[in-house]
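> Please see the structure below; I have some questions.
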């Protein structure tokens, strides 16, 4: 099993919709960017392929790409997480799955498989966090968005840099990864405030130099 707090240090999230460069083949772009990010030191990868310009309407192609991403992650001994799609995560032996408040319940996920999946749950309020804290099925909490972000078509109101400190002061003890518009200059304060790590999409997927971007975020 992976050390959850350690794996959250720099958590990269991406799908084909996030990788328009450097070629016209978004799937190959994702694989190229992911390998560069793995070489540079990301500690976790979440396959989140959905929305415009994704392979959502091509499930077989999407599954094949997910398997390639999984294999890359495992080559570098980095956990591979699938966003939302629990059936896909189980089928391809992903290390974990990440769900939102309105998605399938972590309790149901545990009932669906005997595999020791890592389960992450998105949170936006203290009430969300308290529910997550009390669910033994939840291994870590995504918390955000910290700032407004263009990477997700619909997102909750931004919570700001200090919210994670409020969560820790309120007694939340589960591992927390901060997400949403996070840049290199925010990493130190978020960790100082109690985040175990940060999650990014475009800060890596749209970087002109992936290796430099990753190292700046570590």
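Quick reminder: no glycine exception, Cβ is built from N, Cα and C everywhere.
Marked as 4-amino-2-methyl-5-(diphosphooxymethyl)pyrimidine binding site by TrEMBL: 46, 47, 48, 49, 50, 83, 122, 152. The Mg(2+) binding site feature in TrEMBL is assigned to 84, 103. The domain 'Thiamine phosphate synthase/TenI' annotation in TrEMBL covers 10-204.
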> Helix, strand or coil: which one is residue 103 (Mg(2+) binding site) in, per DSSP?
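The three-state answer is coil.
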> Pop the mean pLDDT for the domain 'Thiamine phosphate synthase/TenI' (10-204) in here, whole number is fine.
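Computed over the domain 'Thiamine phosphate synthase/TenI' (10-204), the mean pLDDT is 96 on the 0 to 100 scale.
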> Here are some binding-site residues: 46, 122. Which one has the most Cβ atoms within 10 Å of its Cβ?
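In terms of Cβ crowding, the pick is 46.
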> Pick out which of the binding-site residues 48, 50 has the most other Cβ atoms within 10 Å of its own Cβ.
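Counting Cβ neighbours within 10 Å, the top one is 48.
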> DSSP secondary structure for residue 83 (4-amino-2-methyl-5-(diphosphooxymethyl)pyrimidine binding site), reduced to helix/strand/coil, please.
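SS state of residue 83 (4-amino-2-methyl-5-(diphosphooxymethyl)pyrimidine binding site) = strand.
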> Work out how many Å separate residue 48 (4-amino-2-methyl-5-(diphosphooxymethyl)pyrimidine binding site) and residue 84 (Mg(2+) binding site) at their Cα atoms, rounded off.
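With distance taken Cα to Cα, residue 84 (Mg(2+) binding site) is 8 Å from residue 48 (4-amino-2-methyl-5-(diphosphooxymethyl)pyrimidine binding site).
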> State the three-class DSSP label for residue 50 (4-amino-2-methyl-5-(diphosphooxymethyl)pyrimidine binding site), counting H, G and I as helix, E and B as strand, and everything else as coil.
coil
> Does residue 84 (Mg(2+) binding site) have same-chain partners at least 6 apart in sequence with Cβ under 8 Å from its own Cβ, and which are they?
48, 50, 97, 98, 99, 100, 103
> 10 Å Cβ neighbour count around residue 103 (Mg(2+) binding site)?
17
> Among all chains shown, work out which of the binding-site residues 49, 83 has the most CB atoms within 10 A of its CB.
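Of the binding-site residues 49, 83, the most buried by Cβ count within 10 Å is 49.
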> For residue 47 (4-amino-2-methyl-5-(diphosphooxymethyl)pyrimidine binding site), write down the residues of its own chain that are at least 6 apart in sequence and whose Cβ falls under 8 Å from its Cβ; none is a fine answer.
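In sequence order, the residues whose Cβ lies under 8 Å from that of residue 47 (4-amino-2-methyl-5-(diphosphooxymethyl)pyrimidine binding site) (at least 6 apart) are 14, 15, 65, 66, 69, 70, 80, 81, 82, 83, 94.
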